[in-house]
Amino acid sequence: MNVIGVTGMPGSGKSVVSRVADSLGMKVVRMGDVIRNEAQKRNEAPGKVAVELRQEYGEFIVAERCVEYIKNFSTSGVGHSNKPQKDKSPVFLIEGIRSPWEVQIFKKNFPNFKVIAIHSAPKTRYIRLKKRMRSDDSAEAKEAQKRDQRELKFGIGEVIASADFMVVNESAKGKLKNTVRGILKNELQNSC
């Protein structure tokens, strides 16, 4: 089984990578969904829950839940939705890796695990976040900077620095899509 991770600061373009992966038939697992689902259960802000989960269960918790999901999907063709999937893709993309501990868990469970890092300047990312306005986004640059600091405390900088692939995303979305499509197609060919 081949598993690829994507990392990057908020607003860097990770969701674009996920959409490309999905278009290529890969199964996308979003680490942020683990956090957002738990935040909804607790009726708390996702940023607060991200910190709390790691404090309560350890740095590995979100990665462990993703590994469990992937292994369950791979053995049964059923994910968390309990709906059988028609195409059992041997390649998964995990969106939103934030810490070296998460990378460690993925490499332990998936020996050929690789990481793609997406990098964009803070100003570029803040503009994107303001347009996107997902539940954990802020229109205020100061709040976005606080979120960046929280992400950096998780260890995302180390994950970005040690990634297998680095993609700079400062131009048109189409350029990012083409670059990532090339990387993912190559990985898909290597997984066969």
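Here the Cβ of each residue, glycine as well, is placed from N, Cα and C on the backbone.
Residues or ranges marked as ATP binding site by TrEMBL: Gly8, Met9, Pro10, Gly11, Ser12, Gly13, Lys14, Ser15.
One residue stands out among the binding-site residues Gly8, Pro10, Gly11, Gly13 for having the most other Cβ atoms within 10 Å of its Cβ: Gly8.
Within 10 Å of the Cβ of Ser15 (ATP binding site) there are 20 other Cβ atoms, across all protein chains. For Lys14 (ATP binding site), the same-chain residues that are 6 or more apart in sequence and have a Cβ closer than 8 Å to its Cβ are Val6, Thr7, Gly8, Glu95, Gly96, Ile118. Taking a C-beta cut-off of under 8 Å and a sequence gap of six or more, Met9 (ATP binding site) has these contacts in its own chain: His119, Ser120, Pro122, Arg125, Asp148, Glu151, Ile156, Ile160.
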